[in-house]
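Colleague: Pasting in a structure now, in structure tokens, and then I'll have a few things to ask.
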């Protein structure tokens, strides 16, 4: 029998005295300060079935198990959110809304449509290949239906699932964007938390690097809108086909490709000797490791061509991307860097990463091509590429550059009555203005005018509307324009 862990279990003294004793012993063991007097025991009908009792023991029933409601214990809670998570009080929420609004407006400028997915997904969606950092960072558990589920650590697998589900009912190319909360149980550093919001843009159905060029252009458009320049931020660009070519030359099996990418993604995070050891542990010869590390140090397409020859497919893709960057007008934002591979196993071609040129912060955003992701979930592969852009690092960058916007609350009207008896009249004025689409902060208590003026200043109200008995009897209200101090009376019917 499973230990009884639900203190709300109804103990029936008369018919099951031994069971009652067992419950009390179990609770004393689990809660050292437990006193039997804390349990509220209620009489239970003798018709209670053994099945119902068993459900109570296991905490299971046909519906969800009840929370413990019968322990009369007052406990002071920790007022901080769980480690690695955040509250969003109004001032933080204004910043978040401003950021998300820019994400949305840029996505719409580029003709993308918004989608969303559940925060809770099947665990299998995120467990692809061993070695991926993300696999060890899952918030995962078994739900009450014995299903393995996880809080999503990223959005791309959910997107892939939706694309497979839609099948041929959607016409290609798909240009979708999403802004969603993601969860990773990881070590926290500056700009990295256990939950964050992520802006994703994805293009499904375009095999050419024109898609990657468009995605990078959209991120740069976003940066420009918020005051970030190419002297603040750059993009490192490479292709996984470069690595594939090196591994092919050393007859390394294709099956090891993903694991090698995951190791190389740690280049700036762990010592080079550890990288070498990890690469050799996945069956790469010493010569292959040395050649690979030499290639990864290349920082120009000319040198890459010298190393690999001009016929390599990766080179053609990269040359086209840099040519398109020139046409878009963002050549000064991007640079070739062979060491960029991204840590997720599903990337197949061009990969890119936004970085802070001062080197104080971790990657700002990243993405690339993932043409073979859909088949890992049982779907038909489609050419696809996309990026993820977290909300935390960009806020740190804006702080560094002193570019955080000053976002104050904005309300058009503050309405108050001078007499408690006129509260209903003030409510009708507020309702009238709201019907016209104007925002109104209605003073809900009988407050002195000094308090009302302070409130108006705090919420940046544009005008104050005062309902006084003399004016109200004439069918009028007093209006004060707070920026200029101008004051006048106006008929209620003419109030706009």
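Yeah, the Cβs are placed from backbone N, Cα and C, and that goes for glycine too.
According to TrEMBL, the protein carries these features:
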REGION    45-88  region 'Disordered'
DOMAIN    84-409  domain 'Aminoacyl-transfer RNA synthetases class-II family profile'
BINDING   154, 155, 156, 184, 198, 202, 342, 346, 347  L-histidine binding site
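Give me the lay of the land around each of these features.
Modeller: Neighbours of residue 342 (L-histidine binding site), defined as other CB atoms within 10 A of its CB across all chains, total 22.
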Colleague: Would you mind listing, in sequence order, the residues at least six apart from residue 156 (L-histidine binding site) in the same chain with a Cβ closer than 8 Å to its Cβ?
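Modeller: Listed in sequence order, they are 200, 202, 344, 346, 370, 373, 386, 388.
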Colleague: Using all protein chains in view, find how many other C-beta atoms are within 10 Å of the C-beta of residue 154 (L-histidine binding site).
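Modeller: Within a 10 Å radius of the Cβ of residue 154 (L-histidine binding site) lie 18 other Cβ atoms.
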Colleague: Who sits close to residue 198 (L-histidine binding site): which same-chain residues at least 6 apart have their Cβ under 8 Å from its Cβ?
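Modeller: Same-chain residues close to residue 198 (L-histidine binding site) (Cβ under 8 Å, separated by 6 or more) are 154, 155, 178, 179, 180, 181, 182, 388, 389, 390, 391.
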